Amino acid sequence: MSKRKRALAKLVLRRSTTSTKSKSSARSETTTIESIAGLHINQTDANSAASLNGHFSFDLPMTPMEGSSMIASKCEEIIKEKSQEEATKWRIIYSRMTLEEIDEFLQLNHESEMAEAKVNSQKTLHTNARNSQEMKKEKVKKWAEKTRFFLQRLSVEPVIVLVYFGYVFGNTVQSPEIYRRICQIYYGNDPMVDCYDINNNTIEDSVQQRSAEWTLYNSLSYLIPAIFADTLLGAYGDRNGRKINILLGITGLLVSEYGYLLTLSNSAATPYWTTTVIGVFTGFTGYVAMIPVSCYAYLADISNGPTELTLRSGIFSVLQTTASVLGGLLAGLIHDHIGISTAIDIELAFIALGFIYTLVRIPQIPGLQEIERRIRVTTITSLSSVRKLRGFLGDVVALYKECIYTYRRPRVGHRRAFMFITVIVLMLTYTTQVETRTTGIGSVINNFVFRRTENGALGWDSEDLGYWNGMGYMMLIVGTIFGLVVFKKALDFRETTLILIGIVSSTLRTIIIGVAVSDWMMYVANVVGMFAGLVQPAVVSFMTQVVASSEIGRTLALFGIGADAAFILTAALYTNVYRWTVTWMPGFTFLLIAALQTMAFLAMLWVHFQAKKEGVGKEERSTPNIRQAISKIGEASSTIYPENSHPKVSKTSSRGLALPFGNSKKQVAIAESREDFASPMAGRRDRPLWSSHDDVSALRRESKTYY
């Protein structure tokens, strides 16, 4: 018997002796106590009562009455676990049991419970282990499903990440090397000039002017052919897919950067003018501007409506900026530890990976909108305005006609004006990006930050430029994500509102750069310009609300032309302005850019209110698919040739199709492009859907008033 049990037994005996001498002495020594369950417990059996302490954990001394109550409660708990019939039987048995029998039963029950608890514990451990493994497998399965879903949703995003990471990395390292190479062209034989550390103000101004001249030559060499190539490739991509366009742009970029490798490396050291010759070839591929433009057009092909397109374009822009951040930061960190040849080799490797990914992952098929247009046009008219072309030359001419007609054709309200104004806005904001970030060879920002000899000159090197660019791109990521989540998703701002916010942010950033005389002002400029990245995705989405779905690719080709024109403007205007003003105000060029963006802001403000007035952007385009395309055939046919309508026929097509009165060729073109006026994207509220030939005639008369 344990010490605790012996103490309890003595206490029970002492209380029993005391109670026999008290007022309750009338009770006999074998007085019994009625418990809750009717158990007869012998008061004198102190040893058995004390042994119950192990079952019930008596922490305090208690009388037999209290102990009996505890025993009865325990028995009741045991009985409750039985069925109703068994519980009645056990109550009868318990009422006739002695304390020893109860104690023995409780001990056996306790041992049974302990054994069962042990078995249950082992089962629980085994079950928990199995559940834990199943949960881990489920988590891995869910992660794999999410990863698979994410990878399936990936399209052109890895292309822009790989290309722009390598491009920004290489250009950040190349910028000071190009500046040094131009210095060596004109002052390499002068022993008094150190092109690695120019300390003469006059010589530095001369080198900066020469650098601007070479920028002009190189830009014109590839941008003039790129304008024609972008127009052709944009129409080609509409009809056949975007893969070839992306591959051509990457190929041109690879060739161009390889040309700079030959020029800047110490082993080859080819003349600098070879970069200009190579630029002519790269221009016919669309160069670097063709890559993001074709990617945006591809996103427009696979997106379901403008909201999804805005979000996907925003994500695409964020990934492009993220790649630029990482490329610039990496260049700033390791430029002192690698040579220029190694840096360009790394750049070429990443761009080549983008080429391989595009070759394997991106399909060369037309978008759903083009498939829908082909089905509709073939069924409605049996006469395609895009005639079967014979030979490459005829194909080229027809594609150019398609693009020109897309830009010139009459549109409802002021939609054509909207299209051109937004392209101009994109061109100016893209120009600002070119001139204020390291995204172009020898751009004005490079000359501006590399100045050393004047008061207020920043005197940066590749490391400083890399860190500043990295921080600037990081702020663009934050601003773009914040703008898409808060401005677009939460507050549901219109696309034109996002464009206006981006223009204001970009303009303020440019002004601060123009007056910057210290490093902290340059970093403040990046913070202020954090919303400049909203312009590009918002413009892409807004354009899809202005034109028909079948014209999205050809319209986005304007973006490529605008980008090339932005580069030409950079070379022809900004570089020359910088040459003329570098001696008295180096930041004047940036103030000029800000002034041009202010005018673009005013024009876009008019677009915002006018588009809102005309209902552009209020309704979303329904999800494009083949079934919808087929279902629209009958509707479109009944709209052009309504029931019980007998139009006056003046001409018949070569296939025997009776055409409405008037110019048959133009009527077919109007019929093919009917989607502009019937599409929910048009948001046309003040003009009914034309359902008779009289409406067509009225529309032709009113087209003279269109912008």
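Backbone N, Cα and C define each Cβ position, glycine as well.
Residues annotated as region 'Disordered' in TrEMBL: 672-707.
Counting same-chain residues at least six beyond the ends of the transmembrane segment (149-169), those with a Cβ under 8 angstroms from any Cβ of the stretch are 242, 246, 250, 253, 257, 288, 291-292, 295, 298-299, 302, 315-316, 319-320, 322-324, 326-328, 330-331, 343, 346-351, 353-354, 357-358, 361-362, 438-439, 469. Summarising the annotation, TrEMBL assigns transmembrane segment to 149-169 (among others).
Taken from TrEMBL, the feature transmembrane segment applies to 220-237 (among others).
The transmembrane segment feature in TrEMBL is assigned to 244-261 (among others).
Summarising the annotation, TrEMBL assigns transmembrane segment to 273-299 (among others).
Long-range contacts of the transmembrane segment (311-334) within the same chain, counting only residues at least 6 positions beyond its ends with a Cβ under 8 Å from a Cβ of the stretch, are 156-157, 160-170, 172-173, 292, 295-296, 299, 303, 343, 437-439, 462-467, 469-470, 473-474, 476-477, 480-481, 483-484, 488-489, 533-534, 536-537, 540-541. The transmembrane segment annotation in TrEMBL covers 311-334 (among others).
The transmembrane segment feature in TrEMBL is assigned to 340-360 (among others). Within the chain, the transmembrane segment (340-360) has long-range Cβ neighbours (under 8 A, six or more residues past its boundaries) at 156, 158-160, 162-163, 165-167, 169-170, 173-174, 177, 243, 246-247, 250-251, 253-254, 257-258, 260-261, 264-267, 331.
The transmembrane segment annotation in TrEMBL covers 417-434 (among others).
Outside the transmembrane segment (467-486) by six or more residues, the chain places 168, 172, 310-311, 314, 317-318, 321-322, 324-326, 328-329, 332, 437-438, 449, 460, 498, 501-502, 505, 519, 522-523, 526-527, 529-534, 537 with a CB less than 8 A from a CB of the stretch. Per TrEMBL, the feature transmembrane segment maps to 467-486 (among others).
Among residues of the same chain six or more beyond the transmembrane segment (498-517), those with a C-beta under 8 A of the stretch's C-beta atoms are 422, 425, 429, 432, 436, 445, 448, 455-456, 458, 479, 483, 487-488, 524-526, 528-535, 537-539, 542, 587-591, 593-594, 597-598, 600-601, 604-605, 608. The transmembrane segment annotation in TrEMBL covers 498-517 (among others).
Residues annotated as transmembrane segment in TrEMBL: 523-544 (among others). Tertiary proximity for the transmembrane segment (523-544) is limited to same-chain residues at least six positions away from its ends with a CB under 8 Å from its CB atoms, namely 296, 299-300, 306-307, 309-310, 313-314, 316-318, 321, 418-419, 422-423, 425-426, 429-430, 432-433, 468, 471-472, 475-480, 482-484, 487, 495-496, 498-499, 501-506, 508-510, 512-513, 516, 552, 555-556, 559, 611, 617, 621, 681.
The feature transmembrane segment is assigned by TrEMBL to 556-575 (among others).
Taken from TrEMBL, the feature transmembrane segment covers 587-609 (among others).
Long-range contacts of the transmembrane segment (587-609) within the same chain: residues 417-418, 421-422, 424-425, 428-429, 431-432, 435-436, 444, 448, 494, 496-497, 499-500, 503-504, 506-507, 510-511, 513-516, 574, 577-578, 581, each at least 6 residues beyond the stretch ends and with a Cβ under 8 Å from a Cβ of the stretch.
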